Amino acid sequence: MIEQALQWLAPAKDERVMDLFCGLGNFALPLAGPAKEVVAVEGVATMVERAAVNAMSNDLHNVQFFQADLSQPLTHADWAAEGFSAVLLDPPRDGAFEVVRQIRKTGARRLLYVSCNPATLARDTVELISQGYRLKRAGILDMFPQTAHVEAMALFEMSK
């Protein structure tokens, strides 16, 4: 899944990437290799602390972790002030509607949405399209074989 996320999002050496709902940094740390800078945000403080330790353990100096309530406006946060080229979004099962409503304000031209709930991905897709993003590619990953659970990945790009 991480390899596919990196291929689809394809961050460049001059790009700032934001990882929302970053957890322990499962996506943020690999994104730090090709990107200029990664700003990773998580709501749970202990996860942020552990993610920062993971970055130090891997000698990654271009990734920063922040704890924030992602239901609050993103643009009010200092870490969001400079804007981003791309966003990776891996929300919990209830999706990220409040974040998605604000995502255009980040300046991101590309957004990769990783979802464990296709219904909330579909709901949030409607909002992204209304903001001018278009779905470029999507797929399903069977991370839990022989169960009803799937992960979905959808890449959006800002319409020109």
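Every residue, even glycine, has its Cβ placed from backbone N, Cα and C.
As annotated by TrEMBL, S-adenosyl-L-methionine binding site applies to PHE21, GLU42, ASP90. The Cβ neighbour count for PHE21 (S-adenosyl-L-methionine binding site), using a 10 Å radius over every protein chain in view, is 20.
The active site annotation in TrEMBL covers CYS116. Of all the Cβ atoms in the protein chains shown, 17 others lie within 10 Å of the Cβ of CYS116 (active site). Under the DSSP three-state reduction, CYS116 (active site) is assigned to coil, being neither helix nor strand.
The annotation active site, nucleophile is assigned in TrEMBL to CYS116.
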Nearest of the binding-site residues (PHE21, GLU42, ASP90) to CYS116 (active site), judged by Cα-Cα distance:
ASP90
Taking the Cβ of GLU42 (S-adenosyl-L-methionine binding site) as centre, how many other Cβ atoms lie within 10 Å?
24
Let me make sure I understand the span of the S-adenosyl-L-methionine site: among PHE21, GLU42, ASP90, what is the greatest distance between any two Cα atoms, in Å?
10
What three-state class does DSSP give GLU42 (S-adenosyl-L-methionine binding site)?
strand
Beyond the listed site residues PHE21, GLU42, ASP90, identify every same-chain residue whose Cβ lies within 8 Å of the center of their Cβ atoms for the S-adenosyl-L-methionine site.
ASP19, LEU20, CYS22, GLY23, ALA40, VAL41, GLY43, LEU70, LEU89, PRO91, PRO92
